[in-house]
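Take a look at the structure below.
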Amino acid sequence: MNTTVSHLLGRIGRYVFLSVVLGFFAIPLLWLATAPFDSTPKITTSMPDFALDNFRALLDNPYAVESLLNSVWLAGGTAILVVVFAALAAYALSRVRIPGRDALLYGLLLLSSIVTGTATMVPLFELAFRLNLIDSRLGVILIMSGGLLPAAIFILKDFMDSTPTSYEESARVFGASPLQIVRHIVVPLVRPGLATVAVWAVANVWGNFLVPYLLLRSPDKAPAAVIMYTLYTEGGQADLRLLSTFSLLYSLPVVLMFIFVSTRYGFRFHGGIKR
Amino acid sequence: MVQATSSPDTTEDTSTQQLPGARRDGASPDAAGLGRARAAAFVVPSMVLIVLFLVLPAAWTIYLGITNYRLTGLAAAHPEIVGLDNYTTALGDDRFLTSLGLTLQFVIGSAVIGQAGLGFAIAWTLRDRRGFVRRVVEAFVLLAWILPGSVVAFLWIALLDRDAGTLNAVLHTPGAAWLLDHPMLSIIVFNTWRGTAFSMMLYSAALGNVPPSHLETAKLAGANTWQQLRDVVFPRIRGHILTNLLLISLWTFNDFSPYLITAGGPEGKSEILAVYVYKVALSGGQLGFGSAISFLMLLINLVLALVYLRMLGRRKEEA
């Protein structure tokens, strides 16, 4: 009798807890999903009055649309650089025996989690200034890549280590150059790893606020993260219609990418995160 | 840090000392006939970026931290070395010490209690569930995680808005402003909402490794939930807990996103170190002083990492 009562209480407790958790996480998200379609947005619990006017208003704002394109450039550029450089480095480190290689990799990974953009914003700003990379998209891409590469190499080396070397050996017998081997044999074998790293790099850059905020001066180069912030801090009264619509458009690409990746490859931990 | 700075160079040195291509016909050829010289060429582009934008800034922070470098207007004055002045100034500065205390609150509140605590609680509650409920809860928590920081900040500003915010209305009488009255709690809740997914996923995976039979045995022996956790679950997933705490404490400690929601205000009541450095150095122009604070942040990061690695290492020795 006593055990059934406590069992029942436990069950009730679990459901109450899960409902609270669900409410906490879902309510802001549901607001984000509906507010853009509401022609009279107030942050109350009224039923939205469906309209697409807000999207038209957003298209009229030149910075908003342009900033999304800027985000695409920054995220795409960084992802390409990170994937190509990390793949080459991971391949070399996986196939050639160098003493102290694993210690080097662990050291770099540790370093990259300790040395963050926040703790080094002054020298990064200085460095960009001296290298003439202030207000340059390339500067943002290079700095973001530098920060992401250690973990990317670490993740990809894991993938490379687990692929057999026999294909590469036979290709070599037929006279393929190392670059050809990488392109035609290694890349197809580790494609899931490359996709993981690319998606992870895109997600990182897409949401990053600090680095572009520090380095990019002209508003027409700023990515969505920065423009969004200026939209809700400038001019006192924030335009809820514009901002909620912009939020949705800005979030959609990463959400879709995430859904694509998790249905295609399954979402799991790789490399440095997995222990 | 110094060790890591020098190791890439030594690696490249040893590889160029070997004759280019000498390995190709050697006794233990690598699979692709890469050779150490070519291998080095593959590694160099990454290393250049890492050294330039990760190692160099860390070293530069140390140097700038002992100078009186200031940015006045657009012209940068020449820095002079002033020794440890910046550090003594910082340690005697109320604003810095307050900021340090707020950062501690932020890390404990948002990372340890918020993300790790809530993340574990969700993973534990959902551990036996398959199907709809689990998928829905996990999907919403994950969505919060993948949204861009600026969007999440805007969402919480809107929800806590003085006049129109739903949450503000629930938590307070209209006209009162939750964000202004409880700035630290606001950014802790905001950051917990953003970050919990990582801990939840990590603990879900970890709980999958705890044999259900052990929990059953404990339950039959009359152990309550807390005893099951303490005696069966926690000892088995200690490595996961430590890894999780290390990563999320580091991330939270260095997180700049509270700037997006309160900008450190009102009156510096939510001015955590990341925001403090930005204000002092980049909007205030005191680059030298800001670098000294940055270096202290780097040191704290390093100590955090070393303590956790030490604990992990000890755990492995015991095993």
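Including glycine, each Cβ sits where the backbone N, Cα and C put it.
Because the structure is a prediction, the values reported are computed rather than measured.
Feature annotation from TrEMBL assigns transmembrane segment to A:12-33 (among others).
The domain 'ABC transmembrane type-1' annotation in TrEMBL covers A:68-261.
Panel annotation: around the transmembrane segment (A:72-93), residues 101, 105, 137-138, 140-142, 144-145, 148-149, 152-153, 155-157, 159-160, 182, 186-187, 190, 194, 197-198, 201-202, 204-206, 212, 223 of the same chain, lying at least six beyond its termini, place a Cβ under 8 Å from a Cβ of the stretch. Taken from TrEMBL, the feature transmembrane segment applies to A:72-93 (among others).
The list of residues near the transmembrane segment (A:105-125) in space but at least 6 beyond its ends in sequence, with Cβ under 8 angstroms from a Cβ of it, reads 93, 143, 147, 149-151, 153-154, 157, 208, 210-211, 214-215, 272. Residues or ranges marked as transmembrane segment in TrEMBL: A:105-125 (among others).
Residues 70, 73-74, 77-78, 81-83, 85-87, 89-91, 93, 105, 108-109, 111-112, 116-117, 124, 128, 131, 190, 193-194, 196-197, 200-201, 204-205, 208, 211-212, 215-216, 221, 270-272 of the same chain sit 6 or more residues outside the transmembrane segment (A:137-156) yet have a Cβ under 8 Å from a Cβ within it. According to TrEMBL, the transmembrane segment annotation covers A:137-156 (among others).
TrEMBL lists A:193-215 (among others) with the feature transmembrane segment.
The transmembrane segment annotation in TrEMBL covers A:248-267 (among others). Taking Cβ pairs closer than 8 Å, the transmembrane segment (A:248-267) reaches residues 32-33, 35-36, 58, 68, 71, 192, 195-196, 199, 202-203, 206-207, 224, 228 in its own chain, all 6 or more past its ends.
Among residues of the same chain six or more beyond the transmembrane segment (A:12-33), those with a C-beta under 8 A of the stretch's C-beta atoms are 43, 244, 247-248, 251.
Long-range neighbours of the transmembrane segment (A:193-215) within the same chain, counting only residues 6 or more positions beyond its ends whose Cβ lies under 8 Å from a Cβ of the stretch, are 71, 74-76, 78-79, 82-83, 86-87, 117-118, 121, 124-125, 128, 133-136, 139-140, 143-144, 148, 152, 155-156, 158-160, 187, 222-226, 229, 253-254, 257-258, 261, 265, 270.
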